[in-house]
Amino acid sequence: MNNTVTLKRTDAAAIASRISRRTVETVIATVLFSIIMISFRPFDPAGPETAGGDIVNQIGFSALGGAAVFSLFAFVDRRVLTSLVSPWWLLMMAFFMLSVLNATDPMGAFRTAMFTFIGIITVAAVLTVPRDADSFSTVLGVAGILVVVLCYVGLFLYPGIAIHTSASAEPQHAGLWRGLFSHKNVAGPVMAGLSFAGLYLFRRGRRWAGAILFATALFFLTHTGSKTTAGIVPLAIVMVMGPSLFGMRKLVPVIFAIALILSAVATVGIVISRPLWDLSQQLSPGLTYTGRTALWSFSLDMLANRPWFGYGYESFWGTPFLLNQDQPFDRSWDIRNIVHGHNGYLDIAVLMGLPALVVAVMTFLVVPMVDFLRVSHRRENVFLADLFMMILIFTSLNAFLESFFFRRADPVWLFLVLATFGLRYVARFPVQPKVPD
């Protein structure tokens, strides 16, 4: 009986020989990418970040980080690893750690920061462990379709969780979809990123997988109720692919930079400048970005008190410092119950200081634009560069209305990290369609 259920050594060796190293790498990267999007607490309205102290997250993310580090050292060329770590990234991490030390609770901030570091390391593994474009396409396709399927299944199995209800903390969002994510403002951007992945797969020849992922992700996105997200997605696609159709790829970073400047002026700019505010009210009377201008005005006032180093990581929004603040009767949002400032760039300045904001702009915006210009004209490099630039454009423009920088393992933040690492990678190494074992 024992012999019939136990593989002989020769049988085990034969099976092992058929499982190639390439397959192992692809499976590992797929699992890692799936986990950072799904998290260890799917269909939890509280979100993984509010449950950072529970044992599931602690064990899960520790194992995730360990698997990512092992994969990087076991499967990735050292030259590739070192190339991802630019001087600007190192300087950004230095400011990040300085903000941790500057926090009101340094040890608590450090524990939270570890989730952020694990997320960054895992993204690096997702990008570099697959050995070729075919493998990376499999990672995107399998993980992406898995996430989309789970979100749709949740609408039927857990409608009270996968769909915002009037009984939730934000009854005004009742009926809007969020799937397995904690909020519609997370679900929408993730679906945007997956739609870009679907377009990439379609361009590489995986027509059915790409079309299905693109269509289902966009359909879900439209039901999250995020008009801004739905508007930025086609804009990002046109900004990247439009110039390429006319052989003017080098214009993409220029157009991107103009879009960033206009977005900054149209959001925080109207709060800083009275003439811009008056102009905005003439063009769109009552424009406040759903009350966000009140948050930005408050953030700017508080930033003026600590412009150099900010208030410290996890030491501003949602802290006793703000809970003890007075709430003016005419302020549209109660800042005491806000978890972030709804502007990622402004939040970096508030938490880390204005010098850190300058470094962040260089790290997440300027350097990736330069990397895009350096990408060779090899087919696979161009397709990947376009994918990463679409993600970068979307996340960076979305950051003017939402805040996700350095927010633990927030999938929107990790998509941005993937884009910056990805552009750096394809600008320095030729990507092969398929590398045999």
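Each residue, glycine too, has its Cβ placed from N, Cα and C.
TrEMBL annotations: computationally assigned, not manually curated.
Remember, predicted model here, so these are calculated numbers, not experimental data.
For 26-43, 55-76, 88-104, 110-129, 136-161, 181-201, 208-225, 231-248, 255-277, 348-370, 382-401, 413-431, the entry in TrEMBL reads transmembrane segment. Annotation comment: TrEMBL describes 213-360 as domain 'O-antigen ligase-related'.
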Cβ-Cβ under 8 Å with the transmembrane segment (348-370): same-chain residues at least 6 beyond its ends: 86, 88-89, 91-92, 95-96, 98-99, 253, 256-257, 260, 299, 302-303, 306-316, 341, 388-389, 392, 396, 405-406, 416, 419-420, 423-424
Selection from 55-76, 181-201, 208-225, 231-248, the stretch that has most Cβ pairs under 8 A to the transmembrane segment (413-431): 181-201
Tertiary contacts of the transmembrane segment (208-225) (same chain, 6+ residues out, Cβ under 8 Å): 141, 144-145, 148, 151-152, 173, 176-179, 184-185, 187-188, 191-192, 194-195, 197-202, 233
Distal contacts, the transmembrane segment (55-76) - CB-CB under 8 A, six or more residues away: 21, 25, 28-29, 31-32, 35-36, 40-41, 48, 114-115, 117-118, 121-122, 124-125, 128-129, 131, 409
In contact by Cβ distance (the transmembrane segment (382-401), the transmembrane segment (231-248); 3 or more pairs under 8 Å): yes
Contact check, the transmembrane segment (136-161) vs the transmembrane segment (26-43), 3+ Cβ pairs under 8 Å, seq sep 6+: yes
Segment proximity, the transmembrane segment (255-277) to the transmembrane segment (26-43), 3 or more C-beta pairs under 8 Å: no
Per-state residue totals over the domain 'O-antigen ligase-related' (213-360) - DSSP helix, strand, coil: 95 helix, 0 strand, 53 coil
Across the domain 'O-antigen ligase-related' (213-360), average pLDDT on the 0 to 100 scale: 91
Distal contacts, the transmembrane segment (255-277) - CB-CB under 8 A, six or more residues away: 235, 239, 243, 287, 289, 292-293, 296-297, 300, 343, 345-346, 365, 369, 389, 392-393, 396-397, 400-401
